[in-house]
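A.B. asks: Structure incoming, see below.
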Amino acid sequence: MVNKFKHLKSNWAIFGVIFALSLFLVLPQLLNHSLVLGGDSLFHFNRIYDTYMQFKIGNYSYFQSNYGFQQSGRVVNALYGPGMAYLLGSSLLVLQSWIKFEVVTSFFIFFVSGYSMYFLSRELNSTKKISLLTASLFMGSFYVTRWSIDQNFMTWGVMLMPLIVLIGIKMIKNNAQDLKILSLTLIVSLIIQIHLLSALMSIGVLGVFFIIGFIQTNQKLQLFLKCLFASLLSLVLTFNVWGSMLDIFTTNKLYTTFAHVNMSSSTMNLSTANYSPSQIGLVMSLIFILQIVLLFSKWYEISLANKTVTILGIFFLILTSSLVPWNRLAVLIPPLQNFLQFPFRFDSFATVLLLAGFGATISTISLPGAIKNGELFLIIGSIFILGQSYIDIQHQNEIWNSDSPVAYKGSIVFSNHPNKKQIKRAFTDNDLSKGLILAKKIAPDYLPNNNSKKIDFHNNTYIKDVIMHQPNVIKTVTDKGNLNLKWVAAKKGEKISLPIVLYSNSEITLNGKKLRTQDIKLSSLSSPTVKSTQKGINTLTLGYHSKIITKTSLTTVILTWIISILAAITLTFKKSKKEIS
C-alpha cells in the first residue's frame, strides 16, 4: 500500500511539473489575448477550416477542398497529414475560435512533448529527476516551439519522435521481448497521418534499431515477425495516405512545394548564442558536445542503447550542419530542394537523440558527482532554454496588438487593403471563414500543372486564376460533398472562367450533363473556362472520383484505428494495474 501511494505521488508530481511548464509556455498568448499569424498559419488554417466545416455541415469530401482554399476544389488534405487534419478540424469544432485553437493545440504539443521525452529518458535508465529535466529542455527546444511561433506543422511530428526512439530501443533490449506490435504500429501510423517527412525520418531511425537488434538478438524470427505484422497493420491504418498519393501522383502532373535552391543557407550549427534557425544555441551545443565526449571517453560503461542513440544523434547533427555540401547535393538530387527544403529539419532528431543520451549517460556512468552536477547543469540549462522560448513566444504574440497584426506577410494577398482593426475583427469573428477570406495564402502546392513548359514561379498564375478571380459565381456544397457553382449567363454560349481547379479524376457536370474534355479550356493551373449551355442560371457541379480511396476503404481504416486503439488502451490498463498491485 505504501509503495502504491509513493508511485501515485511520484506520477502526480511529474504530471504537475509538465503541466505547469506547458501552461508557462502558452502564457504569453493568454496574457496578450492574441493570435499568431506566422509563416504557415494561413495554409494550415485553410486545411483545418475545411475539415471543421465538413464536421459542422456534414458534407464530406476527402479529396477536394470545398470550404478552405477559396473553395477551389484543390486537393491538399488528402496528401498532407489527412488524419491529423480531421483531428484538428474536430478540435476547432469544439473550440469555435482561432485564438482558443492556437492556445489549446500549443499546450497539447508542449504537454505531449514533455511526456514523450520523459518516457524515452526513463527507458534509457535516466533517473526520474534527470528524465524530468530532459523533458523540460525538450519542451523549450527549437522545433517544439515552432507551432506556437509560426504554426510549423513538423512540430506535430517532432512531438512524437521520442516515442519513435523509445520503440527503437525496445528492439535492441531484452531480445525485443518488450517490443509490442500495437505500440510500434500505432506510433508509426500516427506520425504518417501527421507529417510525411517526420515519418520518413522516423522509419529510417527504426530501420537502424531493427538492424542492430536483429544482429544481436538470438530470437531473430520473433523480432522479424513482430516488425512484419506491425508493418502490415500499419499499411491498413495508413491506406488513406499512400492510397491518395497513388491516386493523385500517378494520374496528374503537380506543382510541388517551393524549391529552396540555397539549401546551405538553412543549416544549423553548434554555437554560443541563443538558438535560432541557423544556430543550435549554447545550452544544446554544450549538451551535444559533452555527450559525444562522454560517449568515447566512457565507451565501455555506456549501454548499447545509449551508444546507438548517441551515434544516430551525431549522424543527424552532421546532416543538419554546414559540414554537408547541401547545395552540391541539391544539384545532384533536385527533389531535395522541394521535399527536404531546409536541412535544419534534421535538428529535430539530433535534439531528441543526444538530449536523451546525455540524460542516460550522467545517470549511469561511474563519475564522481556525475548525477548531482548533471542535475545542476540541466536545471540551469532548462531555465535558459525555457526563458528564451518564453521571450520568443511573447515577441510573436505582441505583434497581434501592434500596428501590423500579421507576423508574416510573405505569400499573402489581402482583400481591399484592410487596416489592423479589420484584420483583428475578421480573425476573431464567430464566422471562422472571415479571416481566411480577408487574407489569402499563395501556396500552389499540389495544384495540377497543365503547362508543358517549366514554370519556375507560378504564384502569380494562382493569384490570377483562383485568388483574385472572383466572377459573379455562387458556390455551395451538396449533401454528397460536391461543389456547386452557379452564375447567370446573358446568353447561351457565353464563356466564363471559373475559380476552381480540375484533376484527372475530377468529375464535372454542367446543367446536369457531363462535360467532355473538348468542352473545357484549361489554364496552366487547370482552372476551367466553359461555355454556358443556356441563358440565365447555369450550374456546374465539381466532384472527385477515386478508384482507390472509396467510402468502404475509408471506413475500414477508421474501424481498424478504433479497434487498435481500444486494444492498446486495454492492454496498457491491465499492465499498469498489474505493476501498481
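Glycine residues also receive a Cβ, built from the backbone N, Cα and C atoms like all the rest.
Checked TrEMBL, it gives:
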TRANSMEM  12-31  transmembrane segment
TRANSMEM  98-118  transmembrane segment
TRANSMEM  153-172  transmembrane segment
TRANSMEM  184-215  transmembrane segment
TRANSMEM  221-242  transmembrane segment
TRANSMEM  279-297  transmembrane segment
TRANSMEM  309-326  transmembrane segment
TRANSMEM  346-367  transmembrane segment
TRANSMEM  554-573  transmembrane segment
A.B. asks: Could you pull out which residues elsewhere in the chain have a CB under 8 Å from any CB of the transmembrane segment (153-172), counting only those six or more residues past its ends?
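C.D. replies: Residues 40, 44, 80-81, 84, 109, 112-113, 116-117, 119-120, 123-124, 138, 143-147, 178-180, 183-184, 187-188, 190-191, 194-195, 197-199, 201-202, 205-206, 208-210, 212-213, 216-217, 223, 227, 304-305, 308-309, 345, 348-349, 352-353, 356 contact the transmembrane segment (153-172) from elsewhere in the chain.
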A.B. asks: Under a Cβ pair cut-off of under 8 Å, which of the recorded stretches 98-118, 184-215, 221-242, 279-297, 346-367 contacts the transmembrane segment (12-31) most often?
C.D. replies: 98-118
A.B. asks: Are there at least 3 C-beta pairs under 8 angstroms linking the transmembrane segment (554-573) and the transmembrane segment (346-367), leaving out pairs fewer than 6 apart in sequence?
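C.D. replies: Counting Cβ pairs under 8 Å (6 or more apart in sequence), the transmembrane segment (346-367) does not reach the transmembrane segment (554-573), since there are fewer than 3.
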A.B. asks: The transmembrane segment (554-573): which same-chain residues, six or more beyond its ends, come within Cβ distance under 8 Å?
C.D. replies: 62, 180, 182-183, 185-186, 189, 233, 236-240
A.B. asks: Could you give the residue numbers and ranges of same-chain residues that sit at least 6 residues beyond the transmembrane segment (184-215) on either side and whose C-beta is under 8 angstroms from one of its C-beta atoms?
C.D. replies: 80-84, 153-154, 156-158, 160-161, 163-165, 167-169, 171-172, 176, 223-224, 226-227, 230, 233-234, 237-238, 241, 304, 308, 312, 339-340, 345-346, 348-349, 561, 564-565, 568
